[in-house]
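Colleague: Take this structure first; my questions come after.
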Amino acid sequence: MMRIGHGYDVHRLVEGRKLILGGVEIPHPFGLLGHSDADVLLHAICDALLGALAAGDIGRHFPDSDPAYGGVSSLKLLREVISLTAARGYGVQNLDATVVAQSPRLAPFIRDMVENIATACQVDVERVNVKATTTEELGFEGRREGISAHAVVLLRKNGANQEFEA
Ligand SMILES: Nc1ccn([C@@H]2O[C@H](COP(=O)(O)O)[C@@H](O)[C@H]2O)c(=O)n1
Ligand SMILES: C[C@@]1(CO)OP(=O)(O)OP(=O)(O)OC[C@H]1O
């Protein structure tokens, strides 16, 4: 059995914060604001996984009112969501995500993001794809006020054929 999930998140860009995307620290004069490390890409992926499980969203599992999550690495949150996914009997068939950022240029960091995500999800890198796009300077991302991310994930029941079936 397969289950599909979608995730979307936005964080504001500010001075004095690190920019962390997909668990990779990216040199940039601005970083994302949040209670956690504000890794907008991993948050979208967590929400896609939770959506596929019909298990709510990241804020329900890791409330931003809980000091335990202050400054937490979102890779830790992703690993916890994957533990829940495995406990429900599912694994990641494949995952695709898009980061919407006018700057910085993310292409040099995509491979490391994919490796971090694949490791946290306990799958081969071939099952994970991360893309980046600008908005041609339109909207809040285009004005560099924030970065957004979209993710979709397909889960398969453990024990099921791991290849695509017709
Ligand atoms: N922050 C970004 C945004 C985009 N890229 C790469 O550039 C390509 C073209 O982007 P457009 O928004 O002009 O379509 C895109 O496909 C990415 O490969 C990037 O590295 N970092
Ligand atoms: C990740 C959590 C964890 O405290 O905090 P934030 O970094 O603020 O991220 P957001 O996507 O706004 O909401 C989810 C929160 O639960």
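Quick reminder: no glycine exception, Cβ is built from N, Cα and C everywhere.
Whatever TrEMBL says is automated annotation, not expert-curated.
Take a look at what TrEMBL says about it:
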- ASP9, HIS11, HIS43: divalent metal cation binding site (BINDING)
- 9-11, 35-36, 57-59, 62-66, 133-136, PHE140, ARG143: 4-CDP-2-C-methyl-D-erythritol 2-phosphate binding site (BINDING)
- 2-155: domain '2-C-methyl-D-erythritol 2,4-cyclodiphosphate synthase' (DOMAIN)
- HIS35: site 'Transition state stabilizer' (SITE)
- THR134: site 'Transition state stabilizer' (SITE)
Colleague: Long-range same-chain neighbours of HIS35 (4-CDP-2-C-methyl-D-erythritol 2-phosphate binding site), Cβ under 8 Å, sequence gap at least 6?
Modeller: ASP64, TYR69, GLY70, GLY71
Colleague: What Cα-Cα separation, expressed in whole Å, is found between THR135 (4-CDP-2-C-methyl-D-erythritol 2-phosphate binding site) and HIS11 (divalent metal cation binding site)?
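Modeller: Computed Cα spacing between THR135 (4-CDP-2-C-methyl-D-erythritol 2-phosphate binding site) and HIS11 (divalent metal cation binding site) is 16 Å.
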Colleague: Which residues does HIS43 (divalent metal cation binding site) neighbour through Cβ under 8 Å, counting only same-chain ones at least six apart?
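Modeller: Once residues fewer than 6 apart are set aside, HIS43 (divalent metal cation binding site) is near GLY7, ASP9, HIS11, SER36, ILE58, SER74, LEU77, ALA149.
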Colleague: Helix, strand or coil: which one is HIS11 (divalent metal cation binding site) in, per DSSP?
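Modeller: Where HIS11 (divalent metal cation binding site) sits, the three-state DSSP reduction gives strand.
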Colleague: Suppose we draw a 10 Å sphere around the Cβ of ASP66 (4-CDP-2-C-methyl-D-erythritol 2-phosphate binding site). How many other Cβ atoms does it contain, all chains included?
Modeller: 10
Colleague: Highest CB neighbour count within 10 A among the binding-site residues HIS11, ARG143?
Modeller: HIS11
